[in-house]
Amino acid sequence: MSKIVKVIGREIIDSRGNPTVEAEVHLEGGFVGLAAAPSGASTGSREALELRDGDKSRFLGKGVTKAVDAVNGPIAQALTCKDAKDQAALDKTMIDLDGTENKSKFGANAILAVSLAAAKAASASKGMPLYEHIAELNGTAGKFSMPLPMMNIINGGEHADNNVDIQEFMIQPVGAKSIKEAVRMGSEVFHNLAKVLKSKGMNTAVGDEGGYAPNLESNAAALAAIKEAVEKAGYMLGKDITLAMDCAASEFFGEATGNYNLKGEGKTFTSQEFTHYLEDLTKQYPIVSIEDGLNESDWDGFAYQTKVLGDKIQLVGDDLFVTNTKILKEGIEKGIANSILIKFNQIGSLTETLAAIKMAKDAGYTTIISHRSGETEDATIADLAVGTAAGQIKTGSMSRSDRVAKYNQLIRIEEALGDRAPFNGLREVKGQA
């Protein structure tokens, strides 16, 4: 019933109007899995390769017909008649057939789409929801939790066309008792933030991830606006709602100078100075998590940042670790950061993603399942977060259907699991239990 009989790839459109790869995996019992690969804007240099055509006459060079051809050709041939329930074997077959260190032959976008579609088909053949199947693959059958959301309500950096350098300013509804309540709280703050920004004559157009993207005089001004919105919504900052930031500092790091350049504020910092700039923000506002607070290659700086802030707040590696167990292992050994952002298209298969989650948890690092700035209606990351009991999820703001699709799936899962999937709130955040 779980033997693969057909694999189909196609080119579809993501939330930024760019092509991406969608895959279908059909099983002999009539079961079908459908999945699409996401795409990032600010990407780590060591991510698995997203294969694009480079043909400027189609989609400005961003077409993915080469990756789709890989799905419909060699990948389909290799996986036909294989057992979809053996996820590790399927992923190994594709990785070995690709034969490159970074999946550059077929593209991580091709391999991942098939990997996820196969998992969905297998879960259907077993008559269970995807999150239950993922828990079994993870070796944690029956162990679930609902993730604390990080909601990106002000977008900057590579995710918006504004003057704000820090890429994401997020709220965490830690006072909620359930994911359903967390979503309501996030929505109320989001709408009150629009009122705050409008009252200041600011733009309320949204960025790639559904957050507002106004021009602001400083990063502190973004935090101040959110504080006002939280209070307008009737909540207490630091008790009901905490704050998180994704600096994506690699995007404003000067390779030639080794400095960090906040153009929006007209300020330049050394590595240690920028750590203390962030430290000052954490003293002014209840910021409990900072992601990519330095350039991905500034490991000495990260060691210093971890020494200064690591026992107080969660320090998340995204571009730093790129969901790669080899890099994460080195980070753990050197005491770099204390948390990892999990993006399965950074590594390119479900099996490798689960390995990164396990390694992080075994080392005492927290795990945050994440979307990308280029998304589709595919809500697999919601099931991944619950099925691995990851603890936290980052999937954008309270607008754009590509973002809310994930929140809506979490609401459905919570309804189905009830008390079997506790919502632990702030206890999931490193340094805040």
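Each Cβ is built from the backbone N, Cα and C atoms, and glycine gets one as well.
Some features that Swiss-Prot has for this protein:
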{"type": "BINDING", "residues": "Q167, K343, R372, S373, K394", "note": "(2R)-2-phosphoglycerate binding site"}
{"type": "ACT_SITE", "residues": "E209", "note": "active site, proton donor"}
{"type": "BINDING", "residues": "D246, E291, D318", "note": "Mg(2+) binding site"}
{"type": "ACT_SITE", "residues": "K343", "note": "active site, proton acceptor"}
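R372 ((2R)-2-phosphoglycerate binding site) has its Cα within 10 Å of the Cα of these recorded positions: E209, taken from E209, D246, E291, D318. Ranked by Cβ neighbours within 10 A across all protein chains shown, the binding-site residues Q167, S373 are led by Q167. Restricting the binding-site residues E291, D318, K343, S373 to those with a CA within 10 Å of the CA of the residue listed as 'active site, proton donor' leaves S373, listed by sequence position.
The Cβ of K343 ((2R)-2-phosphoglycerate binding site) lies under 8 Å from the Cβ of P38, G40, D318, V322, T323, S370, H371, R372, each of which sits 6+ residues away along the same chain. Sequence-distant contacts (6 or more apart, same chain, Cβ under 8 Å) of K394 ((2R)-2-phosphoglycerate binding site) comprise P149, M150, N152, M170, D246, L341, I368, I369, S370, H371. Counting only the Cα atoms, the space from S373 ((2R)-2-phosphoglycerate binding site) to E291 (Mg(2+) binding site) is about 15 angstrom. A separation of roughly 10 Å, to the nearest angstrom, links the Cα atoms of Q167 ((2R)-2-phosphoglycerate binding site) and E291 (Mg(2+) binding site). There are 29 other Cβ atoms within 10 Å of the Cβ belonging to D246 (Mg(2+) binding site). Sequence-ordered, the extra residues of this chain that approach the Mg(2+) site, with Cβ no more than 8 Å from the Cβ center of D246, E291, D318, are Q167, E168, M245, C247, A248, I290, D292, V316, G317, D319, L341, K394. In this entry, (2R)-2-phosphoglycerate is bound by Q167, K343, R372, S373, K394, whose most widely separated C-alpha atoms sit 17 angstrom apart.
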